[in-house]
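Some features that Swiss-Prot has for this protein:
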- 12, 13, 14, 266, 309, 313, 410: ATP binding site (BINDING)
- 12, 82, 83, 134, 244: sn-glycerol 3-phosphate binding site (BINDING)
- 12, 16, 266, 309, 410, 414: ADP binding site (BINDING)
- 82, 83, 134, 244, 245: glycerol binding site (BINDING)
- 230: phosphohistidine (MOD_RES)
C-alpha cells in the first residue's frame, strides 16, 4: 500500500491540505477560505471553530479527490500563521473569544504601557523579539482582561492558550495533546529562547497563568494521534509542527549555517539559519527559533518587509495599470531602467531594519518623460531593494556572507524581479521546482518523525532547482542604484 504524508497549512486567509509522496512531490491539494472579522479599525480576528471546520473540510476533499484512503497517511505535519492566539475552555474545548490574528493592532496600548515600564530590554534579551502587538503574549493578556470571567477561569486552571498549531493538535487528538513546537513558542513573547522554557518573569509581566500554556516540544516528533472520529476511523500520528516561515526555511533545505530563504508573499519574510547559536541583532532583525530536531535547536535571524506582493496588487487594482499580475514583468522589461524613478511602498509603514509605522508610501525622481513602464519597474525594484536592506542587516549581525538566496512565494514567478534581485544583492538567486515550501517543510518534519524519510541528507537531495539567476550587473551600477534607494528612504521618513 502506497503511503503519503499529509500537510495541513493553516494560513491567514485560507486552510489547505496537501498530500506529498516519497519524492516530496505534490500529489493533490485542497483549499478553503474562511471569514476575516474586523470588529474595529486595526483589529483582525478569526473564528477558531470556523478554522477547525475548514481544516476538516480540506482533509476530506483532498483525500477523496486524490482517491487516497485514510490508512495510507503515514503522518500529519502542521504549519500555521504564526502568533495568532486562541484561548479555549479546557472542558468544553470551546474558544472563549475569537482568535486574535497576528496582524491585529488591538493590543497596541498594552505594548505602549509595557515599554513605558521599561521592559523592552528584558524582552529582547529573553525572547529575541520586540514588544509589539504582532506577538501572542499581549493578545492573551487582552483576552483575559476583556472577556468576562476569563481571568478567574484562567487562575482556576480551566482555560488553555495556544497558537493555531496547538489548537489544531488539540482538536485532532480529541483534547489529548496540548502542545506546541519551539518555533511557534518563540513567537509568543513568553518563551525564553535560550533556556527553552516558559519564562516566569515574562508571564508575570503579562499576568498570564502558567497553567494555560502548552507543553513545548521539538518540531519533529509524534505529539499524539488523530482521534478516530476526526480521521475516518484512523489513528494517524501528528508528527511535525512549525510556524509558516520556519517551515519554509526547512522546506527549502536551508539546513546549513548561513543558508537563507526569502518568501515573497503579501509581504516578504527572510530567514537566515544561524545554526545552534542565537544571534542578537543590532540592526532591527528578530532572533527566533528555526526548529528543534534530534535533540538540537537551530536558531534564525528574521527580517520582515510589510509590502511586497501587495505592491503588485496595488498596481493592478488600485492604479489599474494592468489586468493580471504577470503583465508587470512585460511592462517592466520594456524599459532599460526606471530612469531615476524610485517607489517606496511604505503603505503601512516600514519593517526591518527601519521599524517605522508612521511613514507612508512615496515616489521620487519623476520627470515629464516618466511612463507607466518606469513606474511599474520602480515598484518591482522596490521589493529587491527592501530585501537588500534586510540582507545587509543579516550579514552585519551574523558576520556570515550570503553565498546564495533561495526564494519562494507568489512573486518569484516574475523573472525580471528575480534577475534584478540577484544583480542588486550580487549573489545568485535560486528558485525551486516546488514553490509550496511551507507545506513541504511541515511534511518533511512529520515524515522524519515517523521514518518516512531517513534524515536531512535524504531531504537535501530532493531539493531541485527550477532556475538560477546569476548577477551580471557591474558593481558600480548596483551600488549607485542602491545609494539612490537609501536617499529615497531618508526622504520618505522626513515626510510625515
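Positions of Cβ are set from backbone N, Cα and C atoms, glycine also.
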Tell me the coarse DSSP state (helix, strand, coil) of residue 83 (sn-glycerol 3-phosphate binding site).
coil
Quick one: of the binding-site residues 12, 13, 266, 309, which has its CA closest to the CA of residue 82 (sn-glycerol 3-phosphate binding site)?
12
Using DSSP with the three-state reduction, classify residue 414 (ADP binding site) as helix, strand or coil.
coil
Show which residues of the chain containing residue 134 (sn-glycerol 3-phosphate binding site), separated from it by at least 6 in sequence, have their CB under 8 Å from its CB.
83, 102, 103
Out of 230, 244, 245, 414, the recorded positions in the record, which is closest to residue 13 (ATP binding site) when you go by Cα distance?
244
Quick one: pull the CA-CA distance for residue 230 (phosphohistidine) versus residue 16 (ADP binding site), whole Å only.
17
Residue from 245, 309, 313 whose C-alpha is spatially nearest that of residue 414 (ADP binding site), among the binding-site residues
309
I'm trying to understand the geometry here, so how far is the Cα atom of residue 313 (ATP binding site) from the Cα atom of residue 16 (ADP binding site), in Å to the nearest whole number?
22
Among 245, 313, the one of these binding-site residues whose Cβ has the fewest neighbouring Cβ atoms within 10 Å:
313
Just jot down the residues in the same chain as residue 16 (ADP binding site), at least 6 apart in sequence, with C-beta under 8 A of its C-beta; none if empty.
8, 9, 10, 29, 30, 31, 32, 58, 439
Would you count the other C-beta atoms found within 10 angstroms of the C-beta of residue 244 (sn-glycerol 3-phosphate binding site) for me?
26
Nearest-integer angstrom distance between the alpha carbons (Cα) of residue 309 (ATP binding site) and residue 245 (glycerol binding site)
16
Does anything in the same chain, at least 6 positions from residue 12 (ATP binding site), have a Cβ under 8 Å from its Cβ, and if so what?
81, 84, 101, 102, 103
For the glycerol site (82, 83, 134, 244, 245), what does the 8 A shell look like? I mean other same-chain residues with CB within 8 A of the CB centroid.
81, 84, 102, 187, 243
Protein Cβ atoms within 10 Å of residue 14 (ATP binding site), excluding its own
14
